[in-house]
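Notes for the one structure printed next.
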Amino acid sequence: MRSRLLLLLLAVIGAMAALMVVEGQSRRQAAVGAARSHVRILTQVAEEEHRVLVEQLGHLVETVALQEVDLSAGDCADDLVRLKAAEPWIANVFLSRPDGSTLCASAPAAAAVNVGDRPYFREALRTGRATLSDYMIGRTSRAPILAMARPILGPDGQIRAVARASMRLNWAGRLAAMAADMPNGLFAIIDGQGEVLVRFPAPAWPDGQAASPDDAAAEPVAQPKLDPALVEALFAQPTGTLLSAGLDGVPRIIGFGVLQGINARVVVSLPRAEAVGEADEDFWRSMVGLAAVAAVALLFGIVGVETSVMSRLGTLTRVVERIGRGERGARAPERPGDAEFGVLARAINIMANNLEQGAADLAEREMRFRDLIDVSTDWYWEADPERRLTYVSPGVRAIGLDPLRMVGEKQISGLTPTPETAAALANGADKQEFRDLRYVVSHPSGRRYHVVLSGRPLYDPDGAIRGWRGAGRDITALVEARHALEESEARFRLLADRASDIILLTRPDGARLYVSPSVERILGYSVAEFTDLTLTQLRHPDDHAVDATFEALSAAALRAGPAPAGGAPVVPEGTGAEGLGQEGPGGVAARFRLRHKDGRWVWLEAVISLTRGDDGAPLLVSASRDVTERVRQEEELRAARDTLTAAAAELEHARRVAEEANAAKSAFLTATSHEIRTPLNGIIGAVQLLSAEPLAPLQRDLAAIIRDSAQTLLLLVDDLLDLSKLEAGRVELVEADFQLAAVVTDAARLMEGQARTKGLALRTRIAPEAAATFRGDARRLRQLLLNLLGNAVKFTDKGEIQLMAEVFEGPANPASGEGPCDVRVVLTVRDTGIGMTADQRARLFNRFVQGDDSIGQRYGGSGLGLSICRELVTLMGGSIALDSTPGEGSTFIIELVLPRLPGQAAGTKEARQPRVASRRGSGRRVLVVEDNSINARLTEMMLRTEGYDVALASEGAEGAAIALGSPPVDLVLMDIQMAGLDGLEATRRIRAGEAPGRRVPVIAMTANAMVGMREEYLAAGMDDYVSKPFDQGRFLDLVARWTGGASAAGDVPGATDAAATPGPGDDYPMAEQPLFDREPLAKLVDLAGREGTLEMVREFVSFGQARIARTAGLVAADNLVEARREAHSLISTVGNLGLRRLQHLAQSLEQACIHENADEARLLMDAIVGVAPASWAALARDYPVPVTAA
């Protein structure tokens, strides 16, 4: 009996334990589900609160932008203070300038804040619309804030100010208070990088201090970043819940939602242990009680009172069974004296009480869940089996429906299914679980809302439907965005239909999805006819390689990967499809022929690119242009080239015949050239004397023409005399001591003007060893260099010319330095001209020979210069070599062995340093980027007086390439207004391409001396600013500071006011300005001499007159954009001449063009045209130059 009683007790206790375990698990799951619902509702409340506040923030900014606020500092601030007082949730209200500085603010502390670098502020300036920021740390409050900016436009459409407002996270504090109802609940806002923007409760601050988002004085404490896996889960979908380790590493139940307009998530969480803690405590209390009862029951059974035990056990068993059936009110009777059974009864009653309390808690949590549903923006509904609504959450009011009126309805008035939804309902879609059925709601205001409904049936245990439950969501914004996209696609299709080229959209399998109507104009086929024809049917038989191109592109499209290696498929040559398969700027370029409908062949040039459709599928898009006429012209050019080649052969034959007769002419040339030279010298002398007399402009021009023509003829006579002397062996070298560096420099200076006239840079590089005294014929050496430099200038149309002098020690030079030593002198002339073929190089040094006859016709010349050079070099005991590539340029190298005088050895300090080494620019290289050749020449002359090595570039792209290339430059002088790539963009390109750790200084050179322009140049990456025309002394001081050549100890690179100070006369009042200020040209005379200055003045005057004429035409045509460029260049042109009144008028004209004031521009242009003649006349009194009558 005892054993049976024991077994019975164990069975009862086991049943009770199993029941408590099942009940405990049920309560844990219910607790977790309730917690999920709780945190999700809190996140929905946060989303709605944030959305409403953002809208109110937008209304406030719009109010500030639209009302007529006085922009003066005092009244403006008062207006903003009143606006902020009306909205206590606002942190601050601002009015800012377009550069980000604060005009006025509602809080005085914020007046010094500049937000020009804030991304949302720059976006607002760019788009002209209100722009919302992400959460960020406020520069005044040092707390997380959300800000919005909206530009304020003036009557001229320009941005005159920016309205801004910001709010702190006070609203988050209210939601955190709701989260605080949960034990250890946590509220946070997290951005897309995992940064914790807001956290309640806040983590510990330094020294144990804590701060809330409203603490404006505290410095924010950097929050640790979240685990990337958790961040990825939070941002994988807009809303939801998940179980994961939270911000504190504790396993939590996390609810999250998206915040409108920013890349952030609001997160509400509570520890999983807290959510199920109460259920666990109840379970373990019950288990402890059950264990106690079990112990008592076992003890009672062992001592053996079977009858009373069985009776009481039966009673207790029945009570437990009733509790198990759900009778929460069932209790075990407690009898006096029943110690053991009394304990068991009390344990059963405790268990029953716990179960009843758990049910009450579950009901309370359900009530809380329903309360949160009532404040959600999405709405929830329930219906009976006949689909009559029994409950609708208040969120439906957002689309104009009344939840109370909807209860009891089956057909909701105002809710109309879309055609797709109506079809789905007709097929029984609502007989089972359904999702995203779309409806249209007609709001009383006239607006149409688009909503989606989802629902699922609820089943009884026997499988019968006992009701329905679901949710609804407003998708109006999504639908309207989709409609806007469809309208945009329709507009693009309209543009494609009107394109002049043939536009094709093709799938990789060759199916054509779109053909533009232009195919009928170009090929004669209708769109339908062309769509049915394959490429093979249309293309020319010889252009079969185009098939391989399309096949390669189609294969690349099917792989959805990049194009074949090299950017284009390999195509066989010689197929007749010229240019096929070449990589173009927007895809693969191909040229081929297609058959016109009338049977003729049409040449097309197509660019084919890979793209993707809306569904992500790969597609091919091509644009084909009719190039038949261009191909015909190319064929005509090839035929003409063949004809010219044949003519060249005939001319070569004639040259050989003429050369055979050359010997007979030599004696005649020798005698005749002497007879011609005498009257030529008389002509040149007479013209020089005539030029010194006062002449009319026309007479002076005619005298200059006579002088230049006579000098040209004299050079030709000298060549003939040299040739005859060389042939007769009567040329003798006159050896004397000379400075090699001076000979090289003089030759370069003499050719510098011709090079600059053609826009070429002439660079001279003299090795330190060449700055010594040598013995030889300096005149013949200069003649050699001038001949080579003259050819380089003649045959070079763009690029540069280099003249280099190097000295190499001989192996047997005496070490004592007591006598002359022979050294090897190497002179190199390198150009970037037309170059020569091998055949041309072989014949080049022959007399009367130029590369071919076409060169003589195009460039002129007698063909004697290089022949004389070879003879002279041979006479000097040296050699001359040539290296040339067609299209890349030529290099002439002269090698001579010359004695170097004692005391000038390369190893001494004196020999290594040129005479100008003491000047500030010695050993430093400066790049001048200037499209005005006259200004470039003047700047170069100033720099060379200080010993700088100067490189020139005539446009921004070339300047950026030189600055980033080798050899490196120490400083860049950058003009701002240039055609093509201007100075600002060129500077940005230099900054982007510089190697780490290297920064070449860039100084802006411009005639624009407006206030604020200097800051713009510095912001673009420039280091300093100088105004044109500039003072030579201040300019050279500035260059020395930035190249490290400053003489004063305190001179260090840095922007200085002196550098940016306008030149003399820049700010003269009009009534006080002289016509002609002599100071600039007087300085130029000191720099270049009287003759050099006269030559430059002639160029300045010619350039200025032409520019005034062009500017007047542009102003008359209201082309103020181009007129501004011309006026900008005119400022420096007339400023360099000292014509102050014209300079001031040109500056005013430039400003009128910038502000698009056409009337003022015309008045100023009339003034310029009227002042110009008197200005030229005033200039001509000191500097007699020809002036063309206006």
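Don't overthink the numbers, they just go from 1 along the chain as shown.
Even glycines carry a Cβ here, placed using N, Cα and C.
Ranges compared are 563-585, 839-861, and TrEMBL records region 'Disordered' for 563-585. Cross-referencing 105-139, 630-664, 980-1014, 1085-1119 with TrEMBL places the feature coiled coil at 630-664. Residue counts of the domain 'PAS' (488-544) by helix, strand and coil are 29 helix, 10 strand, 18 coil (DSSP-based).
Sequence-distant neighbours of ASP975 (4-aspartylphosphate): residues of the same chain at least 6 apart with a C-beta under 8 Å from its C-beta are VAL929, GLU930, ASP931, ASN932, ASN935, GLY983, MET1005, THR1006. The average per-residue pLDDT of the prediction over the domain 'HAMP' (307-360) is 77, rounded to a whole number.
Secondary structure at ASP975 (4-aspartylphosphate), taken from DSSP and collapsed to helix, strand or coil, is strand.
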